[in-house]
Amino acid sequence: MKVLWAALLVAFLAGCQGKVEQVVEPELEPELEPHQQADWQSGQPWELALGRFWDYLRWVQTLSEQVQEELLSSQVTQELTALMEETMKELKAYKSELEEQLSPVAEETRARLSKELQAAQARLGADMEDVRSRLAQYRSEVQAMLGQSTDELRARLASHLRKLRKRLLRDVDDLQKRLAVYQAGAREGAERGVSAIRERLGTLVEQGRARAATVGSSLASQPLQERAQAWGERLRARMEEVGSRTRDRLDEVKEQVEEVRAKLEEQAQQMRLQAEAFQARLKSWFEPLVEDMQRQWAGLVEKVQAAVGASTTPVPSDNH
């Protein structure tokens, strides 16, 4: 009899332990690397649109089970689609803006950079589409399990969304790196333009000297000092004009670079705060469930121990 009780107890405890581990699993979310947290920083329109996409998805996920089942409908999928299209539209617009700044760069370099950026853009779009597909799949499974417990489905959805979130972070990191290469190419093109102006200016100076020598020999009747002064004034005016254009172009490039950097830093801070808020909400979602399961587990163990102790207590004998 004792052997039978022990076997039943072991089987029961093993089943309870498996269930507890299955429910607790969604809470275990790995910490993000520092560079991944920094990726959600920047102030470009496409990154702000991506933030709205993820905020909407997080809003759906944090609702109660009943409200969540009501919202997981075709309307939610349509709204996610609209946010995805907005993100990709803003990203294409920003890419076109950078391509305009790459005009001085060689055609081969422009083609290579454009191809790499398109690949990163496609990966981001595919991962966003995967998020929408996972949500639609969850909706179908919930509808198929009406009247049954959906804790396992919610845990599985949370696990999928956590993995997809990390993939989105990697996509944003890759895109920002590609865009940084674009910006570097724009600066390189501007520097090449300045070098060309300097070379042209040097050529003009040499031509001016040669022409001055020729004119000086042909106009020997004019006073030498008067001719040199007039030619020097014309050359000085020409050099000042070219130098002014060069400075204006350099200032314009510097302003554009500073503006892009400021936007990147601003969005980086926003993305980091969003990531921290998302992590805090996930923790607050699953923490009460874990504590409740632990209390139930402790009570169950006490009851089983009490039952086993009662069954093994020897019965007093009436024989003296």
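Count begins at 1; order follows the chain as displayed.
Here the Cβ of each residue, glycine as well, is placed from N, Cα and C on the backbone.
Record features, source Swiss-Prot:
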- Leu164, Arg165, Lys166, Arg167, Gly232, Glu233, Arg234, Leu235, Arg236, Ala237, Arg238, Met239: heparin binding site (BINDING)
- 82-258: region '8 X 22 AA approximate tandem repeats' (REGION)
- 160-170: region 'LDL and other lipoprotein receptors binding' (REGION)
- 212-293: region 'Lipid-binding and lipoprotein association' (REGION)
- 269-320: region 'Homooligomerization' (REGION)
- 82-103: repeat '1' (REPEAT)
- 104-125: repeat '2' (REPEAT)
- 126-147: repeat '3' (REPEAT)
- 148-169: repeat '4' (REPEAT)
- 170-191: repeat '5' (REPEAT)
- 192-213: repeat '6' (REPEAT)
- 214-236: repeat '7' (REPEAT)
- 237-258: repeat '8' (REPEAT)
- 1-18: signal peptide (SIGNAL)
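Positions of Swiss-Prot features highlighted on the structure.
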{"residue": "Leu164", "record": "heparin binding site", "contacts (Cβ under 8 Å, 6+ apart)": "Asp127, Asp130, Val131, Arg134"}
{"residue": "Gly232", "record": "heparin binding site", "contacts (Cβ under 8 Å, 6+ apart)": "none"}
{"residue": "Arg234", "record": "heparin binding site", "contacts (Cβ under 8 Å, 6+ apart)": "none"}
{"residue": "Arg236", "record": "heparin binding site", "contacts (Cβ under 8 Å, 6+ apart)": "none"}
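Lys166 (heparin binding site) is surrounded by 16 other CB atoms, counting those within 10 A of its CB over all protein chains shown. Pairwise Cα distances among Leu164, Arg165, Lys166, Arg167, Gly232, Glu233, Arg234, Leu235, Arg236, Ala237, Arg238, Met239, the recorded heparin-binding residues, top out at 68 Å. Every protein chain shown contributes to the tally, and the Cβ of Arg238 (heparin binding site) ends up with 14 other Cβ atoms within 10 Å.
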